[in-house]
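Participant: Structure provided below as structure tokens; questions to follow.
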Amino acid sequence: MDAARRGDTQPVMWTTGWLLLLPLLLCEGAQALECYSCVQKADDGCSPHRMKTVKCGPGVDVCTEAVGAVETIHGQFSVAVRGCGSGIPGKNDRGLDLHGLLAFFQLQQCSEDRCNAKLNLTLRGLNPAGNESAYEPNGAECYSCVGLSREKCQGSMPPVVNCYNASGRVYKGCFDGNVTLTAANVTVSLPVRGCVQDETCTRDGVTGPGFTLSGSCCQGPRCNADLRNKTYFSPRIPPLVLLPPPTTAAPSTRAQNSSSTTSTAAPTTTTSIIKPTTAQASHTSPHEMDLEVIQEEGASLSGGAAGHGGTAGHGGAAGHQDRSNMEKYPGKGGAQIPAKGGSGTLGSWLSAVLLTVVAGAML
């Protein structure tokens, strides 16, 4: 019985819960912020009959409208965006100047439904373009893109205008760039061409909150056909010149290297020549000394033999004098052996000396 009652009460509880949550969900959907939404590219894209109403997503508390206007000496145009924004309510106005190109930017955010239609997107706070017929051309010619689409502002398709000086400014340069506006998660961009003051600016620009005006300048008739991928140098700065590689410095370097190599190699060559010479001298000196000893020994022995075999008196005295001198002053080969024996002793001694010399020569 209790189980049956529980089974009956469970669907009732689910139904009651959904009935309580449904008003809350409907109330939250009804409280979603509503904003106007449109995009204007130098046209009437944000005119009243072309604007739409959108409901913003969760967490979006403000509606946004932003407009950026650009003025050249030949005209002006504007880009604008309306939609659901982000941030806090408020207003921001800013005026910009890029080498004689004037720009005006306005941003407004509000937190009420359909509150983002307060800015005038057609009448801007810019100085009206001057009467071209009242000014005398200064000789410069440029392509002009004022509110033209990107398809109509390519290469030499835009109209050509004559530059003139206005408001005390000299306009003799040509400009090629873009204006970009980002607001309400939408980005709008249009090309900008015309006459400017600077003739040599390179990728210069001015910015505001979500707004950018940037481009490059050049000098010469109709030089602003396409400056996106080109770089122009100021005439006051000398251009970069690539010098050819040196051709005369290399041989002199080789000559210096060869001379230094020769000078360092000379001592090594001399040393290698001197060392064998020293070794040869030390190697051959024993043989020369042996020959000198043999010659001196032979001369001494011949003198002694003459003393014994000669007449009495002078021959014997000469023989004794030679032997005494040999004992006092030994020869170069070492101590001399006095000859005391006869011819047999002399022969055996000479044989021993000859055998020693032959053995040394063979070794």
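Cβ from N, Cα, C; glycine included.
According to Swiss-Prot, the record shows the following:
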COMPBIAS  238-248  compositional bias 'Pro residues'
COMPBIAS  320-330  compositional bias 'Basic and acidic residues'
DOMAIN    35-128  domain 'UPAR/Ly6 1'
CARBOHYD  Asn120  N-linked glycosylation site
CARBOHYD  Asn131  N-linked glycosylation site
CARBOHYD  Asn178  N-linked glycosylation site
CARBOHYD  Asn185  N-linked glycosylation site
LIPID     Ser343  GPI-anchor amidated serine
REGION    238-287  region 'Disordered'
REGION    301-336  region 'Disordered'
SIGNAL    1-32  signal peptide
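Help me understand the surroundings of these features in the structure.
Facilitator: Around the Cβ of Asn120 (N-linked glycosylation site), the same chain contributes no residue under 8 angstroms that is 6 or more positions distant in sequence.
Same-chain residues at least 6 positions away in sequence with a Cβ under 8 Å from that of Asn178 (N-linked glycosylation site) are, in sequence order, Ser189, Leu190, Pro191, Val192, Thr212, Leu213, Ser214, Gly215.
Proximity of Asn185 (N-linked glycosylation site) to non-local residues of its own chain (separation of 6 or more, Cβ distance below 8 Å) is seen for Gly83, Cys84, given in sequence order.
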